[in-house]
Amino acid sequence: MDVILMLNKRELAYWCVVNDRKLYLLDNAIPLLEKSELTFNTDSARVIGEYLDHPVYWLEANNCLHSDDFYTQRELLGIDQALFDLAGRATQLSHMLHTQSFCSVCGGAAVLADDQFAMVCQQCSNAQYPRVSPCIIVAVRKEDQILLAQHPRHKTGIYTVIAGFVEAGETLEQCVAREVEEETGIQVKNIRYFSSQPWAFPSNIMMAFLADYESGEINPDYEELSDAIWAKAAELPAIAPKGTIARVLIDETLALIKATKHVQNL
C-alpha cells in the first residue's frame, strides 16, 4: 500500500486524527470531509485504507484542535466494523509512533518510514513494526449456562467472557485452558476457534474461542476478577456492549444453547 498520497482538495475522505490514543470526532463520528473543509494541516497524513469508496487517512493531531473533541475509540462501538477497525489501525499506528521512537537494537532515533508503516532507525536502519499483542478470549458453556466474569477495571460493572495474553511458547488452545482455570478454577474441553478482532487498547489482536465445561467449581482469582458466575439466558446481568468480540461470543453461545433446547424439544 502506498502510505503517502497527494491529497485532492475536493476529495471526500475519512480523517482519523489521533491525540494521546484518542480520536477526533465530529457529531460523534469520524469526520468525512474534503481537505478544503479542514482547519488543520494535513501534510503528514497517511492513507490507511478505504471505506465506502472513500480513502481513510491517519493524522497526528496538532494544536489547533480542541482537546474536548477527542474521544476514546470505545465511543465508536456499534459503528460498521470495517470503519471501527480502520480507526483502530490509526490509533495503533499512533501508539507505534510514540512508543517505538528509539531503535531496539542500537538505541538510535527512529522515524516513521515514507514507504511502510514502520519506525526506521537513523543509525543502523533497523525497522520496527507495530507491536501487536496476541490475546485469547473465550466463551465457556455448561449445558444451558454461560460462564461470565466481572473485572474491577469495568467501572460500569458489566460481565463479560474470559480473556488473557498468550505466553511465549504457548499454543492458543493451551492459553484458553490456562486462562479459564487461573481466573475461575474451571477446566474446559472441546476448545475451538471462532473468530478474531483487532483491539486497539492499545495494540492487541483478540482471537476468540468457544469451549465447553469439563470440571471444577467457580473459584475466582480476585486479583483479576471481582466476580464470576454461571448465567442462564433469562438471568443475564449487564454484559459486554455490541461491537465487541466478547458480545459476539456471548450471543453465539446463547444461540447455541437455544438451538440445543429446540432440538431436545422435537
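Note that the numbers count up from 1, one per residue, in the order the chain is shown.
Every residue, even glycine, has its Cβ placed from backbone N, Cα and C.
Straight from Swiss-Prot, the features:
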{"type": "BINDING", "residues": "Arg74, Tyr129, Gln197, Pro198, Trp199, Ala200, Phe201, Pro202, Ser203, Asn204, Ala246", "note": "substrate binding site"}
{"type": "BINDING", "residues": "Cys103, Cys106, Cys121, Cys124", "note": "Zn(2+) binding site"}
{"type": "DOMAIN", "residues": "130-253", "note": "domain 'Nudix hydrolase'"}
{"type": "BINDING", "residues": "Ala163, Glu183, Glu224", "note": "divalent metal cation 1 binding site"}
{"type": "MOTIF", "residues": "164-185", "note": "motif 'Nudix box'"}
{"type": "BINDING", "residues": "Glu179", "note": "divalent metal cation 2 binding site"}
{"type": "BINDING", "residues": "Glu179, Glu183, Glu224", "note": "divalent metal cation 3 binding site"}
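Feature map: annotations from Swiss-Prot on the structure.
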residue: Arg74; record: substrate binding site; CB count, 10 Å: 10
residue: Cys121; record: Zn(2+) binding site; CB count, 10 Å: 19
residue: Cys124; record: Zn(2+) binding site; CB count, 10 Å: 12
residue: Glu179; record: divalent metal cation 2 binding site; CB count, 10 Å: 22
residue: Glu183; record: divalent metal cation 1 binding site; CB count, 10 Å: 23
residue: Gln197; record: substrate binding site; CB count, 10 Å: 20
residue: Trp199; record: substrate binding site; CB count, 10 Å: 22
residue: Phe201; record: substrate binding site; CB count, 10 Å: 14
residue: Glu224; record: divalent metal cation 1 binding site; CB count, 10 Å: 17
residue: Ala246; record: substrate binding site; CB count, 10 Å: 25
Next on the checklist: I need the most crowded of these binding-site residues: Cys103, Cys106, Ala163. Count other C-beta atoms within 10 angstroms of each C-beta and give me the top one.
Outcome noted: Ala163
Next on the checklist: Using DSSP and collapsing to three states, where does Glu183 (divalent metal cation 1 binding site) fall: helix, strand or coil?
Outcome noted: helix
Checklist entry - For Ser203 (substrate binding site), what residues in its own chain, 6 or more apart in sequence, show a Cβ-Cβ distance under 8 Å? => result Gln92, His95, Met96, Pro130, Arg131, Val132, Ser133
Checklist outcome for this item: Simplified to three states, DSSP reports Ala246 (substrate binding site) as helix
Next on the checklist: Measuring Cα to Cα, how many Å separate Cys103 (Zn(2+) binding site) from Phe201 (substrate binding site)?
Outcome noted: 23
Checklist entry - If you run the three-state DSSP split on Arg74 (substrate binding site), which class comes out? => result helix
Checklist entry - Out of the binding-site residues listed (Arg74, Cys121, Ala163, Trp199, Phe201), which are within 10 Å of the residue listed as 'divalent metal cation 2 binding site', Cα to Cα? => result Ala163
Checklist entry - Between Arg74 (substrate binding site) and Ala163 (divalent metal cation 1 binding site), how far is it from one CA atom to the other, in Å? => result 18
Next on the checklist: Give me the sequence-ordered set of same-chain residues, not including Ala163, Glu183, Glu224, with a C-beta within 8 angstroms of the centroid of the divalent metal cation 1 site's C-beta atoms.
Outcome noted: Ala149, His151, Ile162, Gly164, Glu179, Glu182, Thr184, Asp221, Leu225
Checklist outcome for this item: Taking DSSP helix as H, G and I and strand as E and B, the domain 'Nudix hydrolase' (130-253) has 25 helix, 53 strand, 46 coil
Checklist outcome for this item: Excluding Glu179, Glu183, Glu224 themselves, the divalent metal cation 3 site's Cβ centre has within 8 Å the residues Ala149, Ile162, Ala163, Gly164, Val180, Glu182, Thr184, Asp221, Leu225
Item to check | Assigned conformation of Cys106 (Zn(2+) binding site) - DSSP reduced to three states | outcome: coil
Checklist entry - So what pLDDT does the motif 'Nudix box' (164-185) average out to? => result 98
